[in-house]
Amino acid sequence: MKELEEKIKNDGSIISEDILKVDSFVNHQVDPELMLHIGQDFAEHFKGRGITKVVTIESSGIAPALMTAQQLGIPLVILKKQPSKILNDNLYQTQVTSYTKGTSYELTLSANYIGEKDHVLIIDDFLANGEAATGAIRLLRKAHATIAGVGILIEKSFQPGREKIKSQGFEVYSLARVSKMQKDYIEFIPEE
Ligand code: 5GP
């Protein structure tokens, strides 16, 4: 998606060879117009596949996932990073290693919101090692849902996430695929 690539080039900052910061339009401040276009792109790509829910991981995936759900006319379900005191019954849980923090957290889903009749699209902001998306897949399997695919805003293609998700049998559709980055330099895999 050219618009996202341009935004990354102009407003993203490269923290190291493997961490890109997009705080000014995705992770801290959010650009609503860009999120709408992202939602339209994902919806156009995944439409007509019988998807019943969009699922994301709190918190950075929420804005683009909400726009995608709105465009597809279906609900958004947010996987929680901590078991809440209110969400105590009927919970599915799995441990995920955080890429940016290096620690692990418990990903939680209430059985009230996803079940065996659901066909789910997973949306997240970044794909690095594929731990977060694989955690989401594990939870959805526990809920007996089926998975339509994984939509990612920014895939770091030099890291193994795409292969990890593909090897589990799922499509990965990424809007911007970074092939290389260094201080003040970023390169994308051209769109097909
Ligand atoms: P993975 O689980 O695929 O290793 O990493 C994906 C998760 O880690 C995403 O949900 C995202 O929050 C975070 N992440 C991975 N790489 C980056 C990065 O370069 N920048 C930012 N801001 N977050 C990242």
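Glycine too: its Cβ is placed from the backbone N, Cα and C atoms.
Automated prediction, rather than curation, is the source of TrEMBL annotations.
Spatially close to K156 (xanthine binding site) yet at least six residues away along the chain are D18, L20, F126, L127, A128, V178, M181, judged by Cβ distances under 8 angstroms. TrEMBL lists L20, N27, K156 with the feature xanthine binding site.
According to TrEMBL, the 5-phospho-alpha-D-ribose 1-diphosphate binding site annotation covers A128, N129, G130, E131, A132. DSSP assigns A128 (5-phospho-alpha-D-ribose 1-diphosphate binding site) to coil in the three-state reduction, outside any helix or strand. A128 (5-phospho-alpha-D-ribose 1-diphosphate binding site) has a Cβ environment of 20 other Cβ atoms inside 10 Å.
The domain 'Phosphoribosyltransferase' annotation in TrEMBL covers 47-161.
Reported as a whole number, the C-alpha separation between G130 (5-phospho-alpha-D-ribose 1-diphosphate binding site) and N27 (xanthine binding site) equals 18 Å. By neighbour count, meaning other C-beta atoms within 10 Å, the densest spot among the binding-site residues L20, A132 is A132. Secondary structure of the domain 'Phosphoribosyltransferase' (47-161) per DSSP, as helix, strand and coil residue counts: 24 helix, 44 strand, 47 coil.
Averaged over the domain 'Phosphoribosyltransferase' (47-161), the predicted model has a pLDDT of 94.
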